[in-house]
RNA sequence: GCUGCUGUAGCUCAGAGGUAGAGCACUCCCUUGGUAAGGGAGAGGUCGAGAGUUCAAUUCUCUCCAGCAGCACCA
C-alpha cells in the first residue's frame, strides 16, 4: 500500500497509508487525543477528521483549546443544527445557505410566514434537543448529478442552484449528515452534534435578506445567531452588545441634548445648541488646518440647473438619488429642472474655469464645507450617520499628472495629523485598484495606482490593496479608522479623477503655452461632519475630549449664598475661553451632580460657604468619584489649557 | 427600495371595541441641603396621518408617513 509522510508541528515526520484520515492519525498518537480531537489543519487548510489525506503534508490535530478552529466548527455546526431544527419544526421550509460570520452565523430560509420571536425560542429549544442527542456527523462525497437529482426531488431549488455554482475544478461535492438530516457543505464539521456546547449560543434576530445578495431576486428570511465555547464567553458578548447600545449616538444625542430629527424632514438634522457647538468647534478646527495646509476655501450654490449635472454625468447615473427642484418661472415656456447638489465637484470645476489658469496656479487646493443633499433610500437612513442632508469637509486638488504623487503624500500626512489630534491613533489605508469596467489606458492606470502607492509610502505608511474596487475613472484611497471599541469606520478618501475635468472642459496653460487638462483629486478627511460627529459620540460614549465637549464646566451651588460666587467663577472661566455655566437651582448637590454627570459634562465644580471663604472650588471630573479642592486661579489656568484645541496648544 | 417589527405625554413604557395611565422630566410651594434622584401640589395627550367596518375605533381592516433590525444601496 502506498505510503505518505506527515509532518507534525513539533517537526516529527511519520509515515501513514495513503488516504489516512486525521481521526486515524490522532488515534495512532493517543486514544485521549483521538477523543479530544475536533479537526485538523492540513497544509494550512482546516480539515475534517473524516477526510482522507492523499499526499505528503504537514498536519496538526486541533482540540477545543485551539480557539480559531474550535469557534469555526461550533458556529458552523450550529448553522446546520439550526437549519435542521427549522426543517423539523416546519418541513416545508426550504434551506439555502448558512455561513459562519463574526461571533456567530446566519442561515437563510425560504418560508412564506415570517419567523416570530416565539419561533426563535422554539428553534432554540429544538437545537438543544439535537445537541443533546449527540447525533454522529458523517460526510460523503457525491457526484454533481446525484446531488442535483437529490435536491430536485425534494424541491430544494436553492440547493440545486448552489450545486450548479460549485466550480467544476475537481473539488469534491460533500454532503454532511447530522443524524437523519443532511446538507450540502464544504465542511469541515465536528464529529457529533454533542460536541457543540448546548448553553453557549443564542438566536439573535430575524430579518430579510436577498437570495445571493441580489435585490432583483427572492427575499429570504435570515436568522442570526451567536455562538461561543462556553457560557461565559456568550455572556461577555451579550454584555458587550449592551455596552455598544449604551453608546448609540441617537440615544446620547437625546440625553446630551445635541440634536433631534422629525418626520417632516426625514434624514435631516435639527442641531440643538449643544450639538451645534461640537459641529462648529470641529469646523473651525478643520478650517484652520486647511488654511495652514495651503487650501483656499470657496462656497458654491445649493440649487443647480440640470444642465450642469448632465454635463458632469450625474444626471444619467444618479438622478434617482438626487433631490429634484422644479422651478416654475414666470413667463417661461417650460419649467426648469434643478437639483440640490449631491456633491461639490462640478461646482468646483466651475470656479476653476473662471479666468485662465496657468501651470503656476497648480496645484490648486480648493476646499468647501460643502452642504449636500442626496435622496438616500429610506432603509439606508441611520441617525446622523447616514442622512439626506450633510456637509462634507470636501476639497478638490487641481494638479498636473506629475504632481499627483507629491499631493498624495501631502494629503496622507495632513490626514494623519488630524486623526491624531482627534484622538484616533489607529487607522489604515486601503488602495482600490482598477475595476473591470473602466475608462482610460492601461498606462494611465499603472501611473495613477503607482502615484497613490508611492505617495502613501513617502508619507511613511503602509496600505492594503482592494483589487478592482476603484472608480471607473480612477483608483482611490480609503482611510479607515478604528474607534475605542474596535469598530472600523471609513472616513477619509482620496480619488484620482481625470474624467470630470474632461467632461467639464477644465484646462490650464502649460509652460509650453498650450492648453492642458488638469487632474482632479477628490479628497476628504472626516467624510461628513454629521457622520464624523456620530462616530466621535459613539467612540467616546458621549464623553468627548474637553475641547470638543459642548458643555465643558457647570458650576453648581451647594447653598444659595454661593450664587454670586458661582457667577464669578463662571465669568472667570468664560474670560479664559472655557464654556461654563452656573447651576444655581434650588436643588441638592446630589441631584445636580447626577444630572450633569448624565449630561456628560466633563467638569463639575461645586461651591459652598467654604469655597467662598477660601476662593476655591471643589472639582469633580466626569467618571471619577472623588473630588479635589483647587484654588480658583489654578482651575481656571488648567481648564483654559484643556479648552484649547489641539492645534493651538 | 425590499422583508419583518414598531408608532400612546418631552423621555421610557403600561393599557383596553365605550374617546387614557405610571415613573422621570416640566411649573409652583416647602426645604439651604457638601458630590449620582429631599418632600408636596399642579399642568401636560386629535393615542403617527387618512379612509373603511361598527351604534361606537386610539384599539379591528386597508393605504400612507416615520422609526428600528437586516438586506440592497452609499457618485
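Quick reminder: no glycine exception, Cβ is built from N, Cα and C everywhere.
Same-site candidate for Zn(2+) binding, as annotated by TrEMBL with A:396, A:522, chosen from A:345, A:347, A:491: A:345. Following the DSSP three-state reduction, the secondary structure of residue A:522 (Zn(2+) binding site) is strand. Sorted by the number of other CB atoms within 10 A, the binding-site residues A:396, A:522 start with A:522, the lowest. DSSP gives residue A:396 (Zn(2+) binding site) a strand state. The Zn(2+) site is defined by A:345, A:396, A:522, and by the 8 Å test on Cβ atoms against their centroid, the other residues of the chain that qualify are A:343, A:344, A:348, A:394, A:395, A:495, A:497, A:500, A:520, A:521, A:523. Here the domain 'Aminoacyl-transfer RNA synthetases class-II family profile' (A:248-545) has a mean pLDDT of 95 out of 100. Within 10 Å of the Cβ of residue A:345 (Zn(2+) binding site) there are 24 other Cβ atoms, across all protein chains.
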